[in-house]
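Swiss-Prot has this to say about the protein:
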BINDING   GLY43, SER44, PRO45, GLY46, ILE47, GLY48, LYS49, THR50  ATP binding site
REGION    425-508  region 'Disordered'
COMPBIAS  443-461  compositional bias 'Acidic residues'
COMPBIAS  483-500  compositional bias 'Acidic residues'
Amino acid sequence: MDWTEKYRPTTLSEVRGNDKARDALKKWAETWDDHREAVILYGSPGIGKTSAAHALANDMEWPTIELNASDSRTKDVINRVAGEAAKSGTLTAGGGGRRLVIMDEADNIHGNADRGGARAITALVKEASQPMILIANEYYEMSNGLRNNCQDIEFRDVSPRSIVPVLRDLCRQEGVEYESDALQELAEQNSGGLRGAVKDLQAIAETTERLTADDVVTGERDTTEGIFEYLDVVLKEAGAQDALEASYDVDETPDDLINWIEDNMPKDYEGTELVRAYEFLSNADQWLGRVRETQNYSFWRYAGDNMTAGVAAARDGTKGGWTRYGPPSYWSKLGRSKGTRNTRDYVAQQIAAIDGVSMRTARREIMPFLATMTHHCRNRELTVAMAATYDMEAEHVSFVTGSGKDTNKVQDIVADAEALKEEAAVEHSGGVFEGASANGGDGDSDADGDAPDTDAGEESGDQQVTLAADDGAESDATSDGTTTDDETETASEAAEDDDQQSGLSDFM
């Protein structure tokens, strides 16, 4: 079990490293009847904002309603879920009839995925008759209207002096032997982030019987310079063992490091060595998936072996020259303009709706996977299938693949995706669009191949599927119910072909 969850504070008195913010939050709660204002908790990730909010709820005996980034946060959802909770109390014995509404990542409400959400939150904090806590990393990413109608409390980065006692307590709780210097090194490396220090401690503790300073990467490191030097070592110079040892000096988790390597590897590798390297990256990705599923961080070791030693071993000798390495294109796009965030959120919403996963899973797991599989549209057939499945326009395909949206390549892919959707709507809808029934009929309906019309605006691609399926069902109801052998064989072949080329949800 993840130690950050296992040992999450249950009362405010257990929250470490932000005494001033903790006291201010307690005062806000105790005087809420006097001011009736929402409060914004803001600061860097991993420093205890969400934990403090839940600990406060326990102290005040307030039931909680939480809406986070993994949920759809449109105007309707906010009004239905958070709105009802914020305007009505509870009949439970404790807490004075109050309930606490917690909205995580309140600074990350953008675009189609959360349409109207920001305005709905602003209206809600003005009208709420129950206490509300908004949690944000970037205070000024929220609108002026929202900030002006809330109190605010800043959570500062946690100092190493406050982190060390927490790590010491965890070691005692888990029966881990340790050297004091090792805990100090961990705290300094994660200065500012208590959650990161705890995760690092768990990862190391699960791979050794006694935690020593040698187990901890020493020295303060510059992440950007370190990663570029490391890429030079792995992709050009080092053998397998040296590449593995070099990874210990890079301030990146395996989840992040694999993206750096994958995005820059094709700049130095080609042909069979690139194929071999991708096989090692695939193995590493499987081990990382097991970490996410089991929370067993000892599997990080095997992921690291594959993505570092394996990738280095796949190379045919050393390489010279200078290479312009860069951050993973998928990451770099995430921090750009609001328009890019809108594009990202549309893609995430489509994935979430069609694959039946949360927005968080769509953003953090499936989108990076798609970006890798369709990088620069090299696998054209798969890219067309992706665009058809998730109803993508040129800007969406460009965002995921890293190719320019105005290029002929992307435009042709979008056109082929439209043709694939039209064909699926006429012949069958079980392949490209999972869950829809076959669109039958008497052969005369939709003979021109046009897809059924959908409402403009907020209707997404999955609504298009529903309409196509409904039309087919209605047509079936009016037909004579007979089907020829040729028609059955054709439909079967089409479904089989479609399963092979566009069943993204299946193989994911």
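Just so it is clear, glycine is given a Cβ too, placed from its N, Cα and C backbone atoms.
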Sorted by sequence, non-GLY43, SER44, PRO45, GLY46, ILE47, GLY48, LYS49, THR50 residues with Cβ within 8 Å of centre, ATP: ASN137, PHE155, GLY193, LEU194, ARG195
Tell me the Cβ contacts of GLY46 (ATP binding site) under 8 Å, same chain only and six or more apart in sequence, or just say none. GLY193, LEU194, ARG195, GLY196
Tell me, how many other CB atoms lie within 10 A of the CB of THR50 (ATP binding site), whichever protein chain they belong to? 20
Long-range Cβ environment of LYS49 (ATP binding site), under 8 Å and at least 6 residues apart: LEU41, TYR42, GLY43, ILE135, PHE155
By the count of other Cβ atoms within 10 Å, pick out the sparsest of the binding-site residues PRO45, GLY48. PRO45
